[in-house]
Amino acid sequence: MDPGILCFHHCDHKVFCTIIPENCPVCQQKLDRYDYNLLPFRVPYPFVKASQHPRAIVMKPTHGDFLNDYYNSKDLHIGVTNSQGCVVEFSEEGIRGVDPMTKKWSSCDSSVEWDQCLLLEQFDELWNEIWDSVLLKVSLSPLWEADRYNEERHNCFTFVLAFLRALDCGELSEKARDPKLFCKQYVVPRTSAAGKYISLYRQLKRQSYFIQNQ
């Protein structure tokens with residue numbers, strides 16, 4: 001899903017594009033590899049597929065995707081991946097990713113909805129057993145039944161913070177005790193960086209180049 005945004009420096013400008021042109025769009029000079037102040041590079045894509053990041057906290061827009069649908073005023077949805085990369089999430093439908101009847105992981109089908117999300121934090125595989133154990137235990141609590149859901153007071157964010165507190169993993173669990181502090185440290189830096197990429201992507205949907213003074 002990476003649109004492949006490229007950047008090169010020429011005649012004191014940064015030029016962003018998806019295809020390197022033959023001539024510099026600023027000075028019209030023919031581009032030669034010896035002319036570059038810095039060789040062209042691919043702008044890092046800030047989004048990931050949740051299924052490729054087990055034991056992680058992930059976030060996406062509630063509706064649509066980041067590149068095409070997200071604006072600062074839009075709601076975000078947060079979830080947790082288990083050791084297999086399947087997303088466990090809480091919404092007005094209740095818990096998804098865990099089957100309360102069998103008390104086991106359910107299908108990973110919904111994880112395709114998380115193919116363009118932000119990775120807030122990921123743990124290494126040494127955490128596999130305790131991560132899955134705590135996630136399953138927290139998810140099976142009646143707190144996360146559908147009729148308990150409240151968009152403002154008892155939502156996906158409440159669920160993830162409850163899991164992180166139960167995980168008892170040091171600083172991350174401590175920050176999870178204060179929703180505002182957690183947002184400040186883990187959410188805002190990622191969404192701010194993503195916002196710059198989204199803005200650039202949308203500029204390039206409207207025009208072939210985006211030019212910036214160095």
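A Cβ is built for glycine as well, from the same backbone N, Cα and C atoms used for every other residue.
Feature annotation from TrEMBL assigns domain 'MKRN2 opposite strand protein-like N-terminal' to 3-31. Annotation comment: TrEMBL describes 40-204 as domain 'MKRN2 opposite strand protein-like C-terminal'.
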Across the domain 'MKRN2 opposite strand protein-like N-terminal' (3-31), average pLDDT on the 0 to 100 scale: 90
DSSP-derived helix, strand and coil totals, residue by residue, for the domain 'MKRN2 opposite strand protein-like N-terminal' (3-31): 0 helix, 12 strand, 17 coil
